[in-house]
Amino acid sequence: MDNVLPVDSDLFPNTSTNTSESNQFVQPTWQIVLWAAAYTVIVVTSVVGNVVVIWIILAHKRMRTVTNYFLVNLAFAEACMAAFNTVVNFTYAVHNVWYYGLFYCKFHNFFPIAALFASIYSMTAVAFDRYMAIIHPLQPRLSATATKVVIFVIWVLALLLAFPQGYYSTTETMPSRVVCMIEWPEHPNRTYEKAYHICVTVLIYFLPLLVIGYAYTVVGITLWASEIPGDSSDRYHEQVSAKRKVVKMMIVVVCTFAICWLPFHIFFLLPYINPDLYLKKFIQQVYLASMWLAMSSTMYNPIIYCCLNDRFRLGFKHAFRCCPFISAGDYEGLEMKSTRYLQTQSSVYKVSRLETTISTVVGAHEDEPEEGPKATPSSLDLTSNGSSRSNSKTMTESSSFYSNMLA
C-alpha cells in the first residue's frame, strides 16, 4: 500500500518517470479547512480511544485475557498509524510537497504497511482463538507467554513485508518543491512494483479476511444454528448469549475494517488497469475521500467495544468520568466483579434412549485472565444407563463447550 501519490500524475509520486515540476492540484481554502477538520477527528478519536482501550485491558487483571492481548496489539497499531501517518498523508495530498525529509519519507511508506499487517492479523488471531474456544473447547488454549510470542512474530513478519517499500523510498528535489517517491528497480512493465503491490494487497486484505470469514462462519453456525438437546438452565442460556455477543462484536470490527479499506486498495490497483485516470482533476478528491475512509478505520474499534461490551463500557465511563454528561458507572465491576462464577449445573442430555447426567463446571463469558488459575480439561467418562435412571453415574467435566468466554 502506497501512502503517497504518483509523480506521473503529479498527484502520486510513486515513480521517477514523467515527473511534473508544477503542482496542478491546488485546492481552495474552504476545501482544505473541511478536509483538515475531518482528518483531525480521526487523529483525536483514534489516539484517545485506542489508548483508553490499552489502559482498560492492561490496568485490570480481569481484562488480561488471550483475546484482549490481541486487541491491545490492534489498538497499538491503529493508534500509531493515526498519530504518525494520517496528518502527513493529508498535508502531502493537499499540497503535494514533501516537508518531512528523507528519513520520514521512508518511514511514511514503510510503517502503514506494517501497522496494517499487525492490525488485520491481530483480528485473525482473535478469530482463531474464538474458533478454537468454541469448536474445539477441550484443546489447549494459548498461554499469556505464547500470546506475546505470536504478537512478536506478527510484527516481525509485518516489518519484513513493509521493508521493500521503505527501502526504495526516496526524496527528489525539483525547482519548485520536494517530493517523496518510491523508486523501484527498473524492469519492463514495472514488474517489481506490480508484484509487490498485488502481494501486499493479498496478504494484508484478501487472505486474512478470507480466513476470518471462514472462522466466524463456522463459529456462527455453531452458536446460532446448533442446539444441544435436553434441559438447559438460565445460566446455560446466559453463557451462550455472552459468546454470541463477543463473536458479534468481533464480526462488526472485521466488517468495519473491510469496508473502510476496500476503496483504498481498489484506488491503488487502478493504475494497472487505467493509468490515465490519475490525470483527471477530480482524482485528488477521490484520493482524499478514500484515504479518509481508510484512516477512519483506526477510530471505530474503541466505539464498537464501548457500545457492544459491558466491561469496556465501564472502563470508558471511568476514563471519562470527569465529563459532566457521563456517569461513572460501577467501576468496581471492571476489576472485582468477575463473571467466572464457578457454578455446578446438572444438565440431562437425552439422546435416543440413553440418559446421561453430567455435572458441568459452568465458566464465565471470559477467557482466563493472565494471573488467574487455568482449568485443565479432563476426559469425559459418559456412562449410559440402558433402561433405568437409577443406574446412571454422575461425573464432573472440568472444561465444557460453554466455559471459554471472552470479555
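Every residue gets a Cβ built from N, Cα and C, even glycine.
So that you can see what the record holds, here are the features copied from Swiss-Prot:
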- 376-407: compositional bias 'Polar residues' (COMPBIAS)
- C105-C180: disulfide bond (DISULFID)
- N14: N-linked glycosylation site (CARBOHYD)
- N18: N-linked glycosylation site (CARBOHYD)
- C322: S-palmitoyl cysteine (LIPID)
- 1-20: region 'Disordered' (REGION)
- 362-407: region 'Disordered' (REGION)
- 1-31: topological domain 'Extracellular' (TOPO_DOM)
- 55-64: topological domain 'Cytoplasmic' (TOPO_DOM)
- 87-106: topological domain 'Extracellular' (TOPO_DOM)
- 129-148: topological domain 'Cytoplasmic' (TOPO_DOM)
- 170-194: topological domain 'Extracellular' (TOPO_DOM)
- 220-248: topological domain 'Cytoplasmic' (TOPO_DOM)
- 271-283: topological domain 'Extracellular' (TOPO_DOM)
- 309-407: topological domain 'Cytoplasmic' (TOPO_DOM)
- 32-54: transmembrane segment (TRANSMEM)
- 65-86: transmembrane segment (TRANSMEM)
- 107-128: transmembrane segment (TRANSMEM)
- 149-169: transmembrane segment (TRANSMEM)
- 195-219: transmembrane segment (TRANSMEM)
- 249-270: transmembrane segment (TRANSMEM)
- 284-308: transmembrane segment (TRANSMEM)
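When each of the listed stretches 107-128, 149-169, 195-219, 284-308 is scored by C-beta pairs under 8 angstroms to the transmembrane segment (249-270), 284-308 comes out highest. Between the CA atoms of the residue listed as 'S-palmitoyl cysteine' and C105 (disulfide bond) there is a gap of 40 Å, rounded to the nearest whole number. Ranked by Cβ pairs under 8 Å to the transmembrane segment (149-169), the stretches 32-54, 107-128, 195-219, 284-308 are led by 107-128. When the stretches 107-128, 195-219, 284-308 are ranked by Cβ pairs under 8 Å to the transmembrane segment (32-54), first place goes to 284-308.
In the three-state DSSP reading, C180 (disulfide bond) counts as strand. Taking DSSP states H, G and I as helix and E and B as strand, the topological domain 'Cytoplasmic' (129-148) has 12 helix, 0 strand, 8 coil. When each of the recorded positions C105, C322 is scored by how many other Cβ atoms sit within 10 Å of its Cβ, C322 comes out lowest. According to DSSP, the residue listed as 'S-palmitoyl cysteine' is assigned to coil rather than to any helix or strand. Confidence annotation: the topological domain 'Extracellular' (271-283) carries a mean pLDDT of 77 in the model. Taken residue by residue with DSSP, C105 (disulfide bond) is part of a helix.
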